[in-house]
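S.K.: Below are the features I grabbed from Swiss-Prot:
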type    : residues                                 : note
BINDING : GLY13, GLY14, GLY15, HIS16, ALA17, GLY18 : FAD binding site
BINDING : 281-295                                  : NAD(+) binding site
Amino acid sequence: MLYPQEFDVIVVGGGHAGTEAALAAARMGCRTLLLSHNIETLGQMSCNPSIGGIGKGHLVKEVDALGGAMALATDIGGIQFRILNSSKGPAVRATRAQADRILYKAAIRDMLENQPNLWLFQQAVDDLMVEGDRVVGAVTQVGVRFRSRTVVLTAGTFLDGKIHVGLNNYAAGRAGDPPAVSLSSRLKELQLPQGRLKTGTPPRLDGRSIDFSQCEEQPGDGMPGGVNEGVLPVFSFIGNAAMHPRQMPCWITHTNERTHDIIRSGFDRSPMFTGKIEGVGPRYCPSVEDKINRFADKESHQIFLEPEGLTTNEFYPNGISTSLPFDIQYELVRSMKGLENAHILRPGYAIEYDYFDPRSLKSSFETRQIQGLFFAGQINGTTGYEEAAAQGLFAGLNAALQCRGQEAWLPRRDEAYLGVLVDDLITKGVTEPYRMFTSRAEFRLQLREDNADMRLTEAGRAMGLVDDARWDAFSRKRDAVSRETERLKSTWVNPRIVTPEESERVLGKSIEREYNLFDLLRRPDVGYGKLMSLNEGRYASADVQPDVLGDLSASVVEQVEIAAKYAGYIDRQKDEVQRAAHFENLRLPAELDYMQVPALSFEVRQSLQKHRPETLGQASRMSGVTPAAISLLMVHLKKGGFRGFAPDVTDAKGEEASA
């Protein structure tokens, strides 16, 4: 049957990528259909019950700045919040939250069901409708055909998924869900470059069988015994601590030599070591057997016992992801302190799945081979909820822009971690599941969690992603930061007015000349609050107080203080960005035949011809493309007179002629 309604965007898959893609396209006014094999699993946290972390939290904040759902859902479902690297500089500080699986999923479902322009339909997709080199819709397993102008594919681990526990394996998309075998076969028919990856999950434990008195308690920030007691972190720029449910601690135990011996005794039945698993696993989230094998000299590994929610006894033992046989899982769990009598509710497993080489994507995440078909999430070779959500939003907004007949949007590497993520995938590809870290961003000083809204919300508003309520909150914050920064720069402190004792109390030493407040705030040990107490609050402003700005007050003060203290470093990084921008703005000709550039090595020519980077900047970051190769390519392009590369026109005196 051909469904009578036609859509602008069809999103296949309802995980973290799919939900953000569908919400983004619908917010932009496109008629959007979200197809999922099971509506009950929309927004499901398939692995660990947590959101955020180093690099990952930055992505969540950026998704939020563009109007996305993940941060708000985490504020509604978060049962523990922590600021990681809180003692370090603001560029590497990151928010991490434990989430109640049920509350998180319910929050996502609520947003989906109440989003205008968005329709849900429960059916697995078996086929894509393709006419010529363009996708025109999707076909479900019972033969319902939906026509659309674009399709966003966010299939997660479902494409030809296979679960492994010991030497036993079976087809599945995740535990309890069927795989997408037909869709995987169809994509292979389209001759898209494909490979296999794997990921894993630990056995889940019954909290009633855990002896927590033998474990170390780990309270969250704002909890009794935690950092900043009474002050709970918030993930969304429009969230607040009142949204959070009851907070819970995590617990810590450790593996030991006996645990390691038990794990080694199962190596001969491990699918990873016996060659049953072909896919490559995530380097930064290895299975426990991989850790014991690779780090044989380590006597123990930390294991975090994370609560799955407020209404369940289930715990997630973070650190023992495994595909070992169940009898080994049973023994290794019970060998650890506090877990001697632990009951396993669900066995751990590894899952293998298809992914497609992201180097075959355009910078909009549209496939090069099939027009209108976009990929996002684990299908692109990434791992993690946060990476998936960011890609989903990105693919969804670009599908919507294509439907509008507008140019694709891509933030630069100096504008967003999202830009770093996309650029890394389409230029370097993946050899293992890709995870975001702050170290992947060369301009991370200006890509902080705290300023994600300042970097992206205006762009989101221009595209139609940001609603009025978010825009109003952002505008108030932006204007307050600007006003307060200007006030500090124009307010002067005279040593004749401030006594040496008062100056020493606030500034650490007396001042000998006049300073403005902004310059005084640049001093390492002078905080905003302390500075405003100078001369009994003479220099404080009522405009940034909580009774005027409400929840925005703290973030405004934070922005002003960071701008002052890191001004020199930020200015230096802006200069670096300017120098790097030259290559980013040079677009490579679409018609260029790289095989006809004789100065380049055959390997470089082959790589450029196959992956066809869009800019010289992208080409410079491709694997195997050296700075020397880029110089030779520029010489070729200038000699050929290609647009943007032609030599400058000069007059007889050697000066640039005016147009």
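Backbone N, Cα and C define each Cβ position, glycine as well.
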S.K.: Please give me the CB contact count at 10 A for ALA17 (FAD binding site), counting all chains in the structure.
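M.R.: For ALA17 (FAD binding site), the count of other Cβ atoms within 10 Å is 33.
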S.K.: Calculate the distance in Å between the alpha carbons (Cα) of GLY13 (FAD binding site) and CYS285 (NAD(+) binding site), and round it to a whole number.
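M.R.: Spelling it out, the Cα of GLY13 (FAD binding site) and the Cα of CYS285 (NAD(+) binding site) are 24 Å apart.
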S.K.: So which one is it: of the binding-site residues SER287, ASN293, which has the fewest other Cβ atoms within 10 Å?
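M.R.: Each of the binding-site residues SER287, ASN293 was scored by Cβ atoms within 10 Å; lowest is ASN293.
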S.K.: Around the FAD site recorded as GLY13, GLY14, GLY15, HIS16, ALA17, GLY18, what other same-chain residues have a C-beta within 8 angstroms of the site's C-beta center?
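M.R.: Once GLY13, GLY14, GLY15, HIS16, ALA17, GLY18 are set aside, the remaining close residues are VAL11, THR19, GLU20, ALA21, SER36, LEU42, THR154, GLY156, GLY377, ALA388, GLY392.
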S.K.: Per 10 Å Cβ neighbour count, which of the binding-site residues GLY13, GLY14, GLY15, GLY18 ranks highest?
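M.R.: Result of the Cβ crowding comparison: GLY13.
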S.K.: Round to a whole number and give the Cα-to-Cα distance in Å for the pair GLY281 (NAD(+) binding site) and GLY15 (FAD binding site).
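M.R.: Cα-Cα, rounded: 20 Å.
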S.K.: From the binding-site residues ARG283, GLU289, ASN293, pick the residue whose C-alpha lies nearest to the C-alpha of GLY14 (FAD binding site).
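M.R.: Checked the binding-site residues ARG283, GLU289, ASN293; minimum Cα distance to GLY14 (FAD binding site) goes to ARG283.
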S.K.: What does the structure give for the C-alpha distance between ARG283 (NAD(+) binding site) and ALA17 (FAD binding site)? Integer Å is fine.
M.R.: 22
S.K.: In whole Å, how far does the CA atom of ASN293 (NAD(+) binding site) lie from that of HIS16 (FAD binding site)?
M.R.: 32
S.K.: For a quick check of packing: other C-beta atoms within 10 Å of the C-beta of GLU289 (NAD(+) binding site), how many?
M.R.: 26
S.K.: Would you mind reading off the Cα separation of LYS291 (NAD(+) binding site) from HIS16 (FAD binding site), to the nearest angstrom?
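M.R.: Rounded to the nearest whole number, the Cα-Cα distance is 28 Å.
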S.K.: Using a 10 Å radius around its CB, how many other CB atoms surround CYS285 (NAD(+) binding site)?
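M.R.: Neighbour count, Cβ to Cβ under the 10 Å cut-off: 18.
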S.K.: Based on DSSP, name the secondary structure state of HIS16 (FAD binding site): helix, strand or coil.
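M.R.: Looking at the DSSP assignment, HIS16 (FAD binding site) belongs to a helix.
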S.K.: Would you list, in sequence order, the binding-site residues among GLY15, HIS16, ALA17, GLY18 whose CA lies within 10 Å of the CA of CYS285 (NAD(+) binding site)?
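M.R.: Neighbours among binding-site residues: none.
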S.K.: Given the binding-site residues HIS16, ARG283, LYS291, which one has the fewest other C-beta atoms within 10 angstroms of its C-beta?
M.R.: ARG283
S.K.: Ten-angstrom check, please: count other Cβ atoms within 10 Å of the Cβ of GLY281 (NAD(+) binding site), all chains counted.
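M.R.: Within a 10 Å radius of the Cβ of GLY281 (NAD(+) binding site) lie 21 other Cβ atoms.
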